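Participant: Structure in structure tokens, see below.
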Amino acid sequence: MGKEGTTNHGPARVTTIAFADSPDDRHNRSSAHDTLRQDESHHRRRSASRDSISSVRSRIHQANYGIPITYRTLSFQASESRALSENGGDNTAKDKLRTPGDDLACADEHRVDVETLSQRLRVSPTVGLSSDAAAKRLQQHGYNVLPQRRQNYAKTLAGYVFGGFCSILWVGVIIFFICWRPLGDPDPQPYNLGLAILVIIVIVLQASFSAFQDWSTAKTMNSILGMLPSDALVLRDGCISSVPTKEVVVGDIVRLEIGNKVPADIRLIETSGDTRFDRSAMTGESEEVEASLECTGDNILESQNMALMGTVVTNGTATGIVVFTGAKTVMGAIAKATAGVKAKPTAIQQEITRFVTIICGLTICLACLILFAWVGWLRIQHHSFMNVVAMLDDIMGCVVAFIPEGMPVGVALTLMLIARRMKAVNVLPKSLATVETLGCVSVICSDKTGTLTKNQMTVTSIGFVDQFLSSEEAKESFTQKTQPQPLARLVTAARLCNGANFDPMSLEKPVEARLTQGNPTDGALLRFAAALTSGDQHCDRFPQVAAIPFNSKTKFMLTLHQTPLDEFKRVEKSSSSTYKAFVKGAPDVLLPRCSQYWTYRSNTIARLDEEARTVFRELQNTMSRNAERVILLCEREYTSTNSFHSDGLSQENLNHCATDLVAIGLVGIFDPPRPETSSTVAACRRAGIRFFMMTGDFGLTGAAIAREVGIFTGDREPDTFSTIEERREEGPEALYSSQSLLLEGSQISQLEKDDWNVVCGYQEVVFGRCTPETKLRIVNELRSRGNTTAVTGDGVNDAPALKAADVGIAMVNGSDVALEAAHLVLLDKFDSIVDGIRLGRLVFQNLQKVISYLLPAGSWSEIWPVLVNVFFGVPLPLSSFLMIIICVFTDLFLALSLIMEKEEFDLLSLPPRNRKKDHLINLRIYTQSYLFIGVMETVCAHAMYFLYYSRYAHIPMTDLFFAFEKYTEGFHGYTEAELTAFNTTGQSVYFITLVLLQWGNILSIRNKRLSILQADPIRKQRRNPWLLLSAVLSLAVAIFVTEEPGIQSLFGTGSAPIEFWFLPLPLALGILVMDELRKLCVRTWPRGLLARIAW
């Protein structure tokens, strides 16, 4: 019947047909289904559930909360439109008000029979499209991708130009223009016009950078997401092939399996009888939709014989004909209807918004303070000191001074560069927000199989009630002339109740070296059975008629086979049919369904009494403690008066087939841990992150692997469910225990709120027999108690937890649904997660450094010249023009060099950050930037300003204070022009001082705790060549704006005496020394007052 390892009747390949055909057609279709399994490409070994996937671009979209109601609206429109059409409605009026629902109402692909639909689409269900036909259709109809959201460029541009700080800057532009004219008439000052134009230039530069940054970020994210696979299995030219999802065309015959994401709108023509779809992403309803081959409603959106694009296969298998692709799908209509739905702000966006709100609030308060001071005091007491134009200039100087215009640029670049670093270490974040969130993770909940282990399974032991065998002993026993019948039955069950098959390209190799396609557990059983038998004699004798694939809820797989002819003679005259059922699954699930068992030594079937059940349970525990996945294989004869039709096994058939079973024996399957798992777990624990395991395996199996990889660290046995109530009664001090805990899935459902307080306090936890709902609940319970939770997994059952977690992490070889639900993908080894956590913490640290550097000179030291001028009558020490130059140019260059900083110390030695308490900009940063560095810079800059007046104008500081209107013609014998020249040069001195003082600030700020002697910018470990380049650029800008004659004439700057280019340098060194002393005090007294308020 074929080569060894291949068959025309394999359990995963036989499905039922919904339309009549000839025997030849049935033979061709069976062959086609064989080809479906045999021609799958080599990359499908990663998982049987990754063959169909949505457009990669869809992965970047966040949850759209407008979809469920939009789906219902479309459904209503379709039903209403069809009703109007049937009642002879006014087509002319309807065309004028045509909606997407009207187009769907015209569709009848779900109502016509398969033969008619096949003829309409010019495709044979048994052969599929030809390659040429598919190419022509692709060229004619375009790629199978959702329509791109049409970007509102006007709205986007307005966001760039008027969003964030720019909105306040526009107020400044208007005021500067007003100060120029009409308030400046009859002698308008070019200075105000120049400031207005300069602020416009600043806005344009910020908007241009924001646009470039968004484009660059989108390009980076798309390049990252483009590395993820996107394929579908289609039947073409009579052979199954894997094609990119975007190349699926109308008429393609597509194969769907559990875990697949439906690539287009598909009319189902075959199902396994238990096929179900999750439409929650589209409808908002959590209940799964059972697939049918019959039309269940006139509305195509509601009919159960349609698999809609974007939905997920949660159970069973199916085959169907593609009827709609791309924009013409239901999902395409929804995409058009929800184009205006806004995405929720990310955590980092909320932090920036919080900071902007605080700064804008302070700015408005100070502006109002100046305005009220002028109206109620200066205008009356010193009416000639400050006119309206001067007052408005001071107010706008306050606004410009307090807003760190360079901060948004620094934040955006930091996130983008860290995302690129993550990509370099094979960690692919889907959004920039994930980059920062990863650094906050306090608990990692990991799946076991395929994540902590290699997913390379091998049968290592066989257990019967009265005999235990290693796999090698089983092979020796099977080669004897008299084969033990229980072992033969077990091998038959292992081969027939199986969804895997050998890769056709490796059939010539020894069994141990062959590659398998399908579930790894099935692959291990297939290798074991093939090693003991030759050819496909089991499949030939027992043709399969129906199957129930394994899923994480039922925990078993069932296949139904025709009884061999030699056994069928005794019932051939009966009106009923006899079948052979084989079942495999979790022993604790199947054992209660068994009533008999095979005895190894007597080769007979005995009643399964309590003693035998106890032996089975003890044997399961023993094998599980050896880190083996334990599978129970069962069989039974099944007689039915009903023939099996297109709907496969009904629930009634299933209930009969899966009861009164004969237990054959247990199989132990070992899946070795990944070599890097132990070091990864250890690194996470050192970083203060608790590492939990959530596995669908038996709890003892998970505990054994947990002990091997370091999740369980103690020598004593872990606590169990019975311990929780005792620990809860011990009081709050016992909630956080260093002990380990082992819970089974059935016990998790019994936990109450207080019990969860105890569970979430353990440092080491293994959750066994987890269903998708169980994993989701675990994640929600952890998050509700303030834990930032990451979930790692690669299977369909991990998807709900991945989506609900703060950070969902999928392996690149995971299922479609896991990749879709995850926020981050690991391309290489599991230990890449450690690099991701480190970089996530680094991005937060560097962002704090950028902001801490910008605030002292770009905010605090600029506001005091305005306050000194308004309230103390001192000539304005710093002009608005020079304030803008500091914020947008000199400070920004050096701030951008900070985003290239390496980690100051081992970031994995710190505990994770609490997102609710540890804000990006907190009171400690304000204290450091304003009250420490800011005060020193303000005092030093004013000192240089007054020193210049004293040395070159011979005007002491005391005479400048409270000068007010006296600072005019005749003050200390100077003309008004001379006094103006002194002030413009003094302003340049103040400006130059701030620029140079920031050199000392940046050398200090790049190290939060370490001394500069330990981490200077020259040594290789912390070398940052961008720092020197940025300092040079900053100095060049300072020289240009103070020495360029055109700038001097327009904006009132002056050439500073040469000594004032050098005098600030020792002051900058003084700032560095002062901060070094602060760090020394913090290191010496880590629990002192200074350490508590230091940033």
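Including glycine, each Cβ sits where the backbone N, Cα and C put it.
Got these off TrEMBL a minute ago, pasting:
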COMPBIAS  23-42  compositional bias 'Basic and acidic residues'
COMPBIAS  92-102  compositional bias 'Basic and acidic residues'
DOMAIN    108-181  domain 'Cation-transporting P-type ATPase N-terminal'
REGION    1-56  region 'Disordered'
REGION    82-102  region 'Disordered'
TRANSMEM  157-178  transmembrane segment
TRANSMEM  190-212  transmembrane segment
TRANSMEM  352-375  transmembrane segment
TRANSMEM  395-418  transmembrane segment
TRANSMEM  878-900  transmembrane segment
TRANSMEM  921-948  transmembrane segment
TRANSMEM  988-1005  transmembrane segment
TRANSMEM  1026-1042  transmembrane segment
TRANSMEM  1054-1074  transmembrane segment
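Map the listed features onto the structure and describe their local environment.
Facilitator: Per DSSP, the secondary structure of the domain 'Cation-transporting P-type ATPase N-terminal' (108-181) breaks down as 44 helix, 3 strand, 27 coil.
Through the fold, the transmembrane segment (395-418) approaches residues 164-165, 168-169, 171-172, 175-176, 195, 199, 202, 206, 209-210, 213, 216-217, 220, 348, 352, 355, 359-360, 362-363, 366-367, 370-371, 432, 435-436, 839-840, 842-843, 846-847, 850-851, 854-855, 858-859, 862-863, 865-866, 876, 878-880, 883-884, 887-888, 891-892, 895-896, 898-900 of its own chain, all at least 6 residues removed from its boundaries and within a Cβ separation under 8 Å.
Sequence-remote contacts of a segment are chain residues at least 6 beyond its ends whose Cβ falls under 8 Å from one of its Cβ atoms, and for the transmembrane segment (878-900) they are 191, 194-195, 198-199, 202, 205, 393, 396-397, 400-401, 403-407, 409-410, 413-414, 417, 846, 849-850, 853-854, 857-858, 862, 865, 941, 984, 987-988, 990-991, 994-995, 998-999, 1002, 1005-1006, 1024, 1026-1027, 1029-1031, 1033-1034, 1037-1038, 1041, 1051-1053.
Residues 351, 354-355, 358, 848, 851-852, 855-857, 859-861, 864-865, 868, 877-878, 957, 960, 985-987, 989-990, 992-994, 997-998, 1001, 1004-1005, 1056-1057, 1060, 1063-1064, 1067, 1070-1071, 1074-1075, 1078, 1093-1095 of the same chain lie 6+ residues outside the transmembrane segment (921-948) yet bring a C-beta within less than 8 angstroms of a C-beta in it.
Counting same-chain residues at least six beyond the ends of the transmembrane segment (988-1005), those with a Cβ under 8 angstroms from any Cβ of the stretch are 849, 852-853, 856-857, 861, 865, 877-878, 882, 885-886, 890-891, 894, 897-898, 933, 936-937, 940-942, 944-945, 948, 1012, 1017, 1027, 1031, 1034-1035, 1038, 1041-1042, 1053-1057, 1060-1061, 1063-1065, 1067-1072, 1075-1076.
Here the transmembrane segment (1026-1042) has Cβ contacts under 8 Å with residues 881-882, 885, 889-891, 893-894, 896-897, 900, 988, 991-992, 995, 998-999, 1002, 1006, 1017, 1048, 1051, 1053-1056 of the same chain, all six or more residues outside its ends.
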Participant: Please indicate, using numbers and ranges, the residues of the same chain that are 6 or more beyond the transmembrane segment (352-375) and have a C-beta under 8 Å from a C-beta there.
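Facilitator: For the transmembrane segment (352-375), the list is 164-165, 168, 345, 386, 391, 394-395, 398-399, 402-404, 407-408, 411, 851, 859, 863, 866-867, 870-871, 919-921.
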Participant: Could you give the residue numbers and ranges of same-chain residues that sit at least 6 residues beyond the transmembrane segment (190-212) on either side and whose C-beta is under 8 angstroms from one of its C-beta atoms?
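Facilitator: Same-chain contacts beyond the ends: 156-157, 160-161, 165-166, 169-170, 172-173, 176-177, 179-180, 184, 389, 393, 396, 400, 405, 408-409, 412, 880-881, 884, 888, 1050-1052.
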